[in-house]
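A.B. asks: Got a structure for you, written out below as structure tokens; questions coming shortly.
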Amino acid sequence: MSSACDAGDHYPLHLLVWKNDYRQLEKELQGQNVEAVDPRGRTLLHLAVSLGHLESARVLLRHKADVTKENRQGWTVLHEAVSTGDPEMVYTVLQHRDYHNTSMALEGVPELLQKILEAPDFYVQMKWEFTSWVPLVSRICPNDVCRIWKSGAKLRVDITLLGFENMSWIRGRRSFIFKGEDNWAELMEVNHDDKVVTTERFDLSQEMERLTLDLMKPKSREVERRLTSPVINTSLDTKNIAFERTKSGFWGWRTDKAEVVNGYEAKVYTVNNVNVITKIRTEHLTEEEKKRYKADRNPLESLLGTVEHQFGAQGDLTTECATANNPTAITPDEYFNEEFDLKDRDIGRPKELTIRTQKFKAMLWMCEEFPLSLVEQVIPIIDLMARTSAHFARLRDFIKLEFPPGFPVKIEIPLFHVLNARITFGNVNGCSTAEESVSQNVEGTQADSASHITNFEVDQSVFEIPESYYVQDNGRNVHLQDEDYEIMQFAIQQSLLESSRSQELSGPASNGGISQTNTYDAQYERAIQESLLTSTEGLCPSALSETSRFDNDLQLAMELSAKELEEWELRLQEEEAELQQVLQLSLTDK
């Protein structure tokens, strides 16, 4: 077995962190690799945070330790900071995380603008259709047509779906215009409804100089929210992903399926073995918070094929020499010896972990003759939009997989447990001005000729602001995508709660009977709310406690929905069997 001396030889910086000798650590870090990993897969910063050594963590953060690094189990530094239950640790890590993310976003803009500049000019429409297998839920699923113009280093993206409030989707006409020139960039958000433009032109290098750690101080309620909510880490497991051609026809005459999408023939693929893995940790919560979380658990999961594994704390392994962040009294000799088996022991607060795995299927329509390039033209724009849109972020993660040959003219991917997004590309280079797009639909036809595609030019008026619009300078507000995402989820949750309460108080129908439509709508709206809550890290305890009384009604509603779906699938199987029997009889008669 290795000794502490051996650990000092092989992992000297890690040993200083273990001892929380932060003064010596400060001296020794000069010229050293701050991202070195120990035998257990932890960087210096991960080790400091897991052990609750705030002083060492601050030293490492001053030396630019990567606050976004994941450990061997896929947890980030912020996840581990929340697990300690130390508000000061969470505050420090969160501040540096936000500073790092904002810095990286600004640093990535020049490269992104260069990619956009080098790509051929084009116009394309992306139709977003949100669908659900749950009956009645599909009634409130929205559609949107996203219109994109690209000319040189200029980009314009038009959307009409703005948000969700009071059980209805908020619509409006918005344009986001990006202009790049050398080290300058101009960002404009155009509100066509109010004729107001928020704009800012800035020097990227100066922005980096102005950006300071003090500007990224988190609010106290943000720290409190994280400490009173479960730590949730959702990831897409695609290591066993498989693209299979979808078949069409009857038994014995089945062929590879192909469909025409907006004038282009596309091969249809089913994407199998896509797993959404959700890890939930609750060891930092009080017993009351844990009970509240368990009471508000998602009743959809039993109906959606979710496989769940729970792992308890290491209470039976705790020794007299243990500390709060080393409950099983692991010694440095044991920890830094890669040949020593720690079994179920580990540093950090004993984990109370739940792992949920759900399989999803996605669909792809691939066209090898599509005039756009996914890598050169489309991905840079999706990268840009993913910085402020959770839906674009999910699409970006998916399209960066290794697809079959061609361009994905149509994609269907899961967004949440009961919601899918279907994205269709169309009307390529069919619109050179903003006025033309108003009357056009994504179901456009193929471009008339190859020359029309290759010589396409965007009218520069697309990127200009109408004279009648009011321009508001210096209105930019730096957003972090994960916080926008949580705010969006919370808004949906609150809207659904208000709607459910109003429908519950509405009483019986005018004819004295029960209002079935309102009751079912409330149940299915609640289903969406519960589904969305499990997909976000920002759960609101007060709102969650208000919803527990609906669980029984929702469970019954979802069981009825699942039964209806099962009966529908059974009818389809019976019809296909009858068709096959008729076909065989006709062959026999011949």
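Even glycines carry a Cβ here, placed using N, Cα and C.
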A.B. asks: By the record in Swiss-Prot, which of S168, S468, S542, S586 is the one labelled phosphoserine?
C.D. replies: S586
A.B. asks: Mind giving me a neighbour count for S205 (phosphoserine)? Other Cβ atoms within 10 Å of its Cβ, every protein chain shown.
C.D. replies: 12
A.B. asks: I need to check the long-range neighbours of the repeat 'ANK 1' (40-69): which residues 6 or more away from its ends have a CB within less than 8 Å of a CB in the stretch?
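C.D. replies: Same-chain contacts beyond the flanks: 13-14, 16-18, 20-22, 25-26, 29, 34, 76-78, 80-81, 83-84, 86, 88-89, 92-93, 96-97, 100-101, 324-326, 335, 342, 346-348.
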A.B. asks: Based on DSSP, tally up the residues of the repeat 'ANK 1' (40-69) by helix, strand and coil.
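C.D. replies: Reading the DSSP string over the repeat 'ANK 1' (40-69) gives 16 helix, 1 strand, 13 coil.
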